[in-house]
């Protein structure tokens, strides 16, 4: 029996036949082909695009604070900054800006000189707690070095060389080897020049928180004076001749009158404080006596002071003494040492340290080994008696 297929006549039947659930799709619709040259679509921007349209945070802060007048090409607020000391705006790579007052200072114009660019914040002398280098008046200079005055207020007159000359003795017929005698220093004749020389020394001592002393000091808790005996030295110490002792006493008398060797303390950006001759100095001239605190060597084995001087070498190492000019000292504290590992070091040496027995005690005198011209810096050998001090880094 055959049946016939007829289309649905009712609207409900037509809706059921056209519904999605009643139909099955076997093939997916074809996609549009994409050209190979096109890049895939991006949902986020790259960091280069973001940085191109975004200003740095530091510039935004500066723009808000200074009204947008700060630029990075040298103009704007900091474009015309000049050094407060020399007034020049050149060498901007050496110009330091105070983080508090925004004033500029050249590293070489500061005192003491700034060798390297500081890390982190930097403040000038007016904005920090650092004490500036003091400028001493003549009255303060005389009080600092304890210079004596006469009753009328003037400096004591210098003894003439005619009165200090000894009577000439008759020489024997036999020839003897002539002994060299220490010569007293010749101070500058101009009082203003002498005051300027003492100001440099006073400023250097003050910057290191040191006090002036022209002799050995014995502080409680360190080595007593009784430990400084020349008889404890290994092999003994040479005794200072009578003529040289008179020269030493004459130099001390000149120091009490305010007369010192023609020397100035200058500051070098690489070596720090150094001593420079402000006038000619003859060979074998007594320059100064090494001064400072006397202490046992065993107490200073780990001390980082760069100017410790050997005073006494005893057979018992626990009784060996050194001079430590970290609290008290004179101009000998700033004389530089030579590099023992450089062939040019010996050529720079123009003075030496000599130990003498004076009244049973060991003292260290600095003596010129050749003629020293004006403007020449003073150098001596740190390892004159032992080769233990490292001088590899010396210039």
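Cβ coordinates are placed from backbone N, Cα and C, and glycine is handled just like the others.
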Which range is region 'Disordered' per TrEMBL? Of 1-43, 44-86, it is 1-43
Across the domain 'PHD-type' (80-130), DSSP labelling yields 3 helix, 7 strand, 41 coil
DSSP puts the residues of the domain 'SET' (261-383) at 15 helix, 56 strand, 52 coil
